[in-house]
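**Q** Before I ask anything, let me first share the structure, which is written out below as structure tokens.
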Amino acid sequence: MTSSGKIRIYELSKDLSLDNKDVLDAARKLAIAAKSHSSSISSLEANQIKDFLKKSNTINTTIKSSKNLDKQILSVKKNPVKTQKDQKTEPKKKNHDQTELSQAKLNTLLKPSQTLIKSQGSSQANNQKALKNKFPAKQQITSPSKPNKPLPPNPRVEVKPIISKPLTQAERAIPQSEQKKDGQFINQPKRSELAKKSIGQPKQINPQEPKRPLAPPSRPKIDIQDKKPLQPNNQKAKTRINQGEISPQKVGQGNIQKIKSQNKQNAPSRTPQPPTKGNTLELVGAPIRKEKPVNKPHTNEVRNKPVMPSRPGAPKPPTAANRQGLSNRPGSNNRIGGTGRPGSPNRQGPNRGGVANRTTQGQNRPGANNRAGAPVRSGSPNRGGMQNRPGVPTRSLGGPNRSNNRPGVPSGMRKPVAPSELMQLQKPQARPNAPQRKTDSPTSLRPKRENSTGARPPVNRPTPAAPKKPAHRPGGTAAAPRRTGRPDWDDSAKLDALRNKSPQKQRQKVHIIGENDDALTAERGGFAGEQQAVVLSASLARPSKPKVGKRNNGKPLTALKKRKKETTRQRQRRRAMELRASREAKLVRPEMIVVPEDNLTVQELADMLSVESSEIIKSLFFKGITATVTQSLDLATIETVAEEFGVPVLQDDVEEAAKKTVEMIEEGDLKYLIRRPPVVTVMGHVDHGKTSLLDAIRKARVAAGEAGGITQHIGAYQIETEHDGSTKKLTFLDTPGHEAFTAMRARGTRVTDVAILVVAADDGVRPQTLEAISHARAAKVPIVVAINKIDKEGSSPDRVKQELSEQDLLSEEWGGDVVMVPVSAIKGENIDKLLEMVLLVTEVEDLQANPDRLAKGTVIEAHLDKAKGPVATLLVQNGTLKSGDVVAAGPVLGKVRAMVDENGSRIKEAGPSCPVEALGFSEVPTAGDEFEVYPDEKAARAVVGERATDARAARLAQQMASRRVSLSSMSGQASEGELKELNIILKADVQGSLEAILGSLEQLPKDEVQVRVLLSAPGEITETDIDLAAASGAVIVGFNTSMASGAKRAADANGVDVREYEVIYKLLEDIQLAMEGLLEPEMIEEALGVAEVRAIFSIGKSAVAGCYVTNGKIQRNCRARVKRGKQIVFEGDLDSLKRNKDDVKDVSTGFECGIGCDRFANWEEGDQIEAFKLVTQRRKLNN
């Protein structure tokens, strides 16, 4: 019991001596919430469960079943009859209660504890088990739905049977056949369980011993008044039994008395035994071999054969009517007392368990030759075959479940032929409709197959060898007749033999007759007809391959000769043609490739560029890079290779950044939507006139005040224009065109409604133009093309249209759907037409928003102002932003203190599609994040807290990435101390500039110098930054920012290098120069002159060369290289230089001199002396 006074399920089950699942089952029925054995319930609920279990007598049943466990071995509990006292006191059970009892009993039958086999037992216990085994079919009628249900208690009927010998082990192994196989129950015949007694040890059971009816009161009964067993024509009764309407218990009572009468006689007889009662069923089976192991249940499951009822009108002995054993194999005979297995000796005495008498097989198998005098052993156990038991579903191994009492096959279908007849001589007859054959003898039975259970597994049934050379196969097409007039050595005869090899193999197989054979023989003309015998498994009854018609004996075999095997030369020629075709298909180069995750293998890059991988490897080899087809390339290398093939490269994550991810309009806004101004983004290549076009639209001069004449920020403006007699508002976003500001362009595309693509008429389509097109397509926004600079000389708008058409942007004038307007930003031509086209396109888009809700939108740009603090440029996309609103922008929380429009005027609220600068954020938000206004600060803080954790993890990952040094870049340099690092601290004015600079730094080569960004943040340079730079030896780089008070003095005192830039070009160039300054200078050769040896003077052991200077001049103590022809014979220092026996420093062109080297004296006339010196040179980064 818990501290709160509740009781756990396992405690309650322990008190009640029950399993946890029983208590959980009761709780579920009482609608008490209990999920597992450790769940807690109240005392009231525990008392309800106890009362429920006491009413259902589950506790008593469990205790009693544990005590009588030895008496329940391999038995199926029947539903005992209640006494008169119980019938008076207990209410009548409903049908569904009986179903639950049946299911519980079936579960009891399958428990492992009841499958144990005991070697000894008392006769009284065995007799009681025999009574319980009379009714196994009752539990099998109802499919089990709740197998774990406990057994409800029922009073047992004490029966005093006649004492006889104890049961054998084979009897106690019967219920093992009813185990689970492949998720289904293989139900054994009811009579086979009673017939498992030994012939020499019969049991006498008095069927009239119980005084009360054995079936439950609510179960309907049926009286079988026919003297015969159940026949196929009695379909109504069989159907009722199969459907569970009729209890088969009375049928089982007759079996007991029949066994008693048969065991008394215990003699073989061919005549049927007279029944003692009208409702009895007769049992005929094979005797049991005692030496057969009894603990293998698969012997019962594998040796089952379906019952084949007799054909209407055919005589049928009542004792062996429903007996069906194993099928007769080809060449096997039915012998008296033998098993009839081909290839095995016939034994006298009882048959093996599970193997039926072959006499009954011959009677039930069509076309079998039954020998006269083969006795029917009455009273022998029927372990092998499935009996005609009503209501018990059977399952064939490998086949579907079917009813035992299957209706007979229509008369138009051909009857199956026994395998023994397949191998016999038959007269060739033309039987296209496959008529039925007459019975071979008046005593042979040809019953229709009623409860066929499919094919038997061939594991325990070895296939006998069929005759390899049958005497004659009339009408068969398996073996073609030998061609006449051809010698034995003829090749065609050998080809015939090879061709007929496969049918001969088929002929050696044994046909397994299944339940689908009737339909198949009707379709194929019979097994023993004109066509070849078909070997078919009943569980794999599928449409066979179409048969080849009869071949004309007179025609030569030419079809096989035409099939020539492909030679090696033909295969090589075919492969060369396929390779040539694939290369021709790859000649078309793509306009642009998208690189996912900043790396590609050589093979992937070759596929994208539509070139061979060897071309990529050759290109890299010329750059000093050894690569294989599986080696990964970084983005810089990919761009270098792609430039050689004239294909620009675009990063995949940049295109993903342009996609719209958040839907600003919610379901609750649909009723209050109104039209909103469109958001237009101006995009294009650098210096194509985007800002000048906006200046012409706004009638301002923004471009004149930009540093370097290029845009480095994203600007947002709102203008008003006249359209259709009314004033329309347009919101414009100006994006940078430089390649470093890719993220800015993607951010602008994500919030836009229409994209204006500016293309210079004199420059055409450029890389950033292609990137802008990809951004617009990723955001799924319409494109309006503005062909600018039409007033310049050499401009060609038609050429621009042609280049754009290659990018699937076809002008309306050429039959496309893209609006293209030629404009001049300087002269203001066609500006009004451009605005009109933009408004027309946006009207089609039907842009709407709900102004009467809390604002939602996107952070376009953000920066840190030294006077105002964090400032964010916000674009309201839905709702209205007001002063005082609590805003959460990503992980940053803020409260709007003031809002300023693009002109610097203060405003109190901003509606949809309105760009504003908002003040009041706790820190600088990240550009590109979505912002949302919350009703109170508490709700906003809850959202911001979760986002801050994610942002902190992302920031840490970025810092680790900045310190990452790849193994390939380190190689052997780290061990030699040659790996250099450049530490920088980056401060910029806005967040977008930081993104652009960091992205550009990533593109710099890092093979020998690693750029390590210690800190990157928007805002001015402070004293804290100076201290960090002094401690780490870093360089401070400022972009469009200023230094705080005291920072300049601190930098001078600490000797920190602070660089300030306004244009990104200069910043990146200086950082690259600083990286190159860290590299060790390299030594290069500088040529001085060339001299020719014309005479040789020996001086002691050494020699001096008399030379003539032909080019340049020769200096003393310089480096010299002696070449003899094309071979270098010496390279070293020039130690002595004389002219007219005087030492000189140098000798110019046209003069003679004497040259001597201390380490070389092997001069020859005609040698060339090249003089050079080594000088140091500043190294550059390897691109």
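Just so you know, glycine gets a Cβ as well, placed from its N, Cα and C.
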**Q** Between 612-615, 724-727, 788-791, 1124-1127, I'd like to know which one Swiss-Prot lists as region 'G4'.
**A** 788-791
**Q** Using Swiss-Prot as the reference, determine which range in 514-517, 734-737, 1022-1025, 1138-1141 is annotated region 'G3'.
**A** 734-737
**Q** I'd like to know the mean pLDDT over the domain 'tr-type G' (675-847).
**A** 76
**Q** Would you mind splitting the region 'G4' (788-791) into helix, strand and coil residue counts from DSSP?
**A** 0 helix, 1 strand, 3 coil
